[in-house]
Structure formats: structure tokens, C-alpha cells
């Protein structure tokens, strides 16, 4: 019993790490690769979750859909929807320093939150969308969890290989070389703007996919499932701690942060309930503090970005 | 005669690269000294070394009896050297008068004598003292920049290409102002792209190339030197 | 709908809300201008200010005393945050500080939630009836809000235009390198910036709490409108931040006439994107980062 419980917990944790690792990879494309500050990760995540839910669930009263489409189509739709939302935002904001993008993405996340709450014909309001199909959901609990973990692992591996390939492509190297040099970026003009836009859209699409995987795993998605600030922030600390610019670092950081995060939750759940509520906020405080410490003392993260030619020498010169 | 400023065998640059190799020069009190040389010779860099904006790895810079080699710019300003950068050398969104006031930021007490001095040197500015500096023409901006630098009553004024982009008429005017400034007791070290005109007007000159001393002498001597002429004055 | 109705139900509340945004936007625009990054913790700093004032009011201080005390305390906290966190990142790309400020926002909010909980609070119980002046229905606290904004802007503008350190702030905003060459001490200018921005930010939180209620998320919700106001007015322009704040506040209140009420908060976002698209320098020609 004890062992089975542990195994189940490990599976659960593995699935969540996989999903968050997708978000961190998406953010790594945007930040680690192109220097774009996305502070609305939770928004793209939510769009992906709801889109896939609407596309794949059975027809329901009182809301659009479900369209009862195959799972893969739902995931594809999740990526497309998240990318489509990223596109105009990127188009407008990428001409400027990333500060504006940060604010705009905070705005996007807020508006997505508003839409989720106030458009019941789309999202079924506060009750959320339930009965989302889960692949291999009919199997025994543990087996089903294992199967889902395998799916998440495959998706993550494919995403990792694709992102890694882009990072090492010639234009990937160029992007990183100019990432930290605003002047050079401006001098390169249009060509760079396009690449940045692509990076922003692809990153957002991966976040949407992460949201879809989350919704299908939970079999439901409700507005409460997504705490915008916390979700966004966790992904940031995962990437920064792991090592932005390094895909393996992003995945490692996700695992480390998620384990600390959920272990601390287990610890604080033991407290009497009046303290448990406060403990949740203390954990948030500590995660914020952790970011400060990493930014200050270990800005390159656990696995620093591999030195790849021009990118570093340029930085050193400044 | 003891020099006001002496650079002895200064080696240094930005970051790791040494742009200056063993550069030596001096400026006497009440003297206009010009640094000329081809592009990339290290002219502006030599001047920035004086003002503490460079990593100096060898040699020394002595000003008025103090070794200022590794001093910070704000300390150097207080000691009596003012610097006018080539670009972005005014506060665009502040009036002419406020630009001067910022120049005297470190000065305590009454500023009226300093204003008088600057406005006497630049009568044009006095009439337009409330005008925003960013709306002025290039020549007038240069005057504001020099005026700002003179507010602290420096003993030495550093000018980085003060005539860059100016019409010949304004160039003459700036040179004339430099002479007037010198006559009030301020030594001037300036970097110039217009070598012929600058050597003709300066008391002495240094020719730098590839970050090293090449020639030195009075303006007239350098102009007469065949090698200097061939090197970069276009014959 | 007649004119009075429009004024009473949309214009006056819009101006009051706009004044609150403006108080925060002034700080955002000053921080942009002098430190050159967007301060994402500004909303939550306002929340903290509102709750500090609550503690003082609950301890028996009249709001008239609590407000200046809160402003002073929040200014000190802002300086502390800068010295403790942002100052160490000053030589790194500015976006790193933006990220740090997002973390600070989370930390400040967590402190508020631990100390004061997540339930809504008010400075005083009971319903306040508006006074009627020539048909205009205005509550006292609304008048106070408007009056405070006007007073704060007049004092700040005089300070920036006339005083030596006010001019130093403008110089640092205008040309930081030249300001340093002129011997202006940038550490003092930065500290001054945080005093002004922190104090006004606290006031904005207090007035939001006074006109609505205090919640741990109240400031986060103001972040977008405050930034929209700063960009709309022109980054670096105090008078622009005020103008921008008032326009954003009015736009939010008037949006109810054409949009469902839930989407009030989307107006700020729409204004922000629109300005970035057509005129990123803002109405009064500010900076563009």
C-alpha cells in the first residue's frame, strides 16, 4: 500500500513535471533564445487547455462544442489557438524593448482570465469543462497514469529535439548572439523582428500544448485550476534556475522547482488549517525570494547556456 | 615650466584590448593643444583616459601636481578638468540656463559669477537662456555644451571633436571661442578631425596613429612637416 | 441619458479612478525615465500602502494622519527594495530588473496575504451618501482624491522645475551620461525617485481602498491601467502620466456603455496596444524604450 501510494505519487509528479517542462521549453524559446519577456504564460496555457477541451469533448448543452474530435486534433488546435493569440501581441510589441511585451502579456493573461470567467457559452463559466477524454483513461488507475506519463514524455522529447535543432541552426546562433545587444538587434531590423515573432509564436504554441496536456490529464478544466501569477511565476523560476538558453537546464530546473514546490506543499498541509492557508503564501514569498537570489548570485542557472562563439565574447565586452 | 597635465607612457583601453600604447603628452597652462590623426588612431580614447573613462594599465596621468591616473570622473571634475563629449553633450529637454546650472552642480554658493563668465563668452546664449537646448542648431548646441563644462571654472577643458558636423563658419566661431576661453586662463586639449584648420589655430599639436605617438610640435611646424602632410592631411 | 446622468455615473467616477491610476502612473513614468525599466511591482506596492494605512487607521489614526505616514513608510520600503534587490542588478541588462520586479510583486503580495489575509476590508464602515452640488453627486472622498492628485502634481512639478535636485532628476532622465560627467550623484537621484514613486504609489493604493475596498489583489489589477496611462501620456512625462491616468479611468467607466461590465479592465489593455501601434511616444512625446 505504502509503496503503491509512493509510486502513484511519483507518476503524478512525473506527469506534472513533464507538462511544466513543456511550458519551460516554450519560455526558453522566447526568453532564452530571443530575449522576449513573456509574463502571461498562464494565459497561453489556459487558451490551450480550453481549446483542446472544446474541440475534443462530446457535444454539451449551453456552450459551444464540444466537437468530439480526435485528441491529436485538439492538441493541434490548442497550439494554433495559443499561437494565434501570440501573433498580434508580438507583432505590436516586438518592435520595442521587451518591457512592453512583459506588460502586454500580463494584459493578455488578465483578459483571457476575464473571458474564461465571463463567457459561459465558451468555457461553461465557473463550473468549467468536464468529461474531457483522456487517452488510456479506461485502464486501471496506475496503468492509466503510466500510459499518460509515457505520452507526456514522448511529447516532451519531440519538443525538446525540435527546439534543440532550432537552437543550433545558424539563425539560432545569430539570434542568441544579438539577444543581449539591443543596438545590434535594432541595426538588424526587419529580419530579426520576424525571427523574434516566430520565436514568440512557437513558444506560445508549446505553452498551449502544455495546457492541453494538463486538461486531458485532469479530465476537466476550471477557472480555478489556473492561478495566473503563480503558474507564470513557477515557470519563470524553473527556467532561470535551470539555466535559460539551455533546454536541458530548462527541464532540470522544472524538475527541481516542481519537487521543491510540491514537497513544501506536503509539508505545509500537515499544519493546522489556520496556518496552512498562511503557509501557502509564505511558500509564494520564498519562491519570489528564490528568484531574487538566483538572479543575483547564479544568473546562469544550474546548467549555464553552452558557450557558443560570438554570443559570449560580445557580452564580455560590455 | 611645469606642465598642467602630463600623460606619461599611458597604455590602456576598454575591456581587455589596449587601444593606447605608451602615449605621452602634456598641456601647459593657458595653452591650446590639439590631437590629430587618422580614424581609429585613438585620439578620443587618449582624451577619455585623462577623464578617467578608460581602464589604464600602464603609465601615469598627473594633473596640477596630483596623480589622477585612476580617479573617477566625478572626482576629476571637482579637481578642475571638464569634459565635453562629442555627441549627446547637452540636456536637450532643459533650457540653456538649466544646462549651465547642471554644469555647476557640484559648486556650492552663488553661481552668478560663473553665469556671467559663460554668458560673456557666449553672448548668443544669454539672449536665449530660456530656450530648450534640444531646439538649437548644431553650433549653438556646441556652445551650450562648452558653457556647461566651463561652469565649474576648470583649469583644463577637454573637447572631443567640437566642430564635427559644423559648417566652416561655425568652425571658425568655435575656434575663436576656444581662444577667448584660453585667454580667461583655461587650458584646452581638443581632438580634431579637421587637422589642417585645427593645427593652424592651436598652440601645439600631437599626431597619433594606431594608438601611439607619431609627431609633436607647434601647429605651424607640424603643418610644414612633409611626413605629417603625407600621412593624413592629403598632401 | 441626460448630461447630469452621464456626469454623475460615468464622468465623475471615471475622473476619480483616473486620479488613482495617475498617482501610480507618475511613479512608473519616473522610474522608466530615470532607472529605465518597467517596475512590475508597482501595483502590489500600492496594495501594501493601502494595507499599511489600514493598520494605522485600525490603530486609531485618522486617515489624514495615516496617509502621509503611509506614504513615508512605503517610500522607505521602496528604497529598501531597491537597495536590497534592484541595485545589485543595475549593471545587467535592464530586463533582468523587470523580471526581478515581477518576483518582488509576488513577494509583496504574499506579505499582504500573510499579514492581513485575503478578505476584503474597508477603512470605515457604513454607507457614505454623496453630497449634491448643482445636481452633481460627489462624495467627500472623491473630492479628496481629486484634490490630492492636483496638489501632488503641483508640488511635484514645482519641485522638478525649480529645485536643484528636481533638475538633477530631469537631467538624469534626459542624458544620464552627461549627468554623471557633470558630477550629479546618481545614487541620490535614484533614492529620490523611489521616495516620490513609492509615496505616490502608496497614496494611489490608499485612495483606491478609500473609494472601493481593500483586497490583496487590488494593486495587481491596477498595474495594467497604470502602465497604459504612462505609455498613453508619454513615458517620462509627469503631466503625461496624469493625463493618461485620467483618460484611462474615464475610458474604463465609459466602456460600460458599450461593453459588458466584466470587460472594463480590458480597456487599459486596448489603449496600451493602440498607443504602441500608432504613437509609441505617447500624447506628449515621451521616450520609447
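Note that Cβ sites are derived from N, Cα and C of the backbone, with glycine treated the same way.
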Here TrEMBL annotates transmembrane segment, and of C:96-116, C:117-137 the range meant is C:96-116
Transmembrane segment per TrEMBL - which of C:217-235, C:236-254: C:217-235
Of C:6-33, C:96-116, C:217-235, C:265-284, whichever stretch has the most CB pairs under 8 A to the transmembrane segment (C:189-211): C:6-33
Flag the pair the transmembrane segment (C:217-235) / the transmembrane segment (C:265-284) as in contact if three or more Cβ pairs fall under 8 Å (sequence separation 6 or more). yes
Dominant neighbour of the transmembrane segment (C:96-116) in C:45-65, C:143-161, C:265-284, by Cβ pairs under 8 Å: C:45-65
Who are the long-range neighbours of the transmembrane segment (C:143-161) in its own chain, taking Cβ under 8 Å and residues 6 or more past its ends? 15-16, 19-20, 22-23, 26, 167, 169-170, 196, 200, 203, 207, 210-211, 238-239, 242
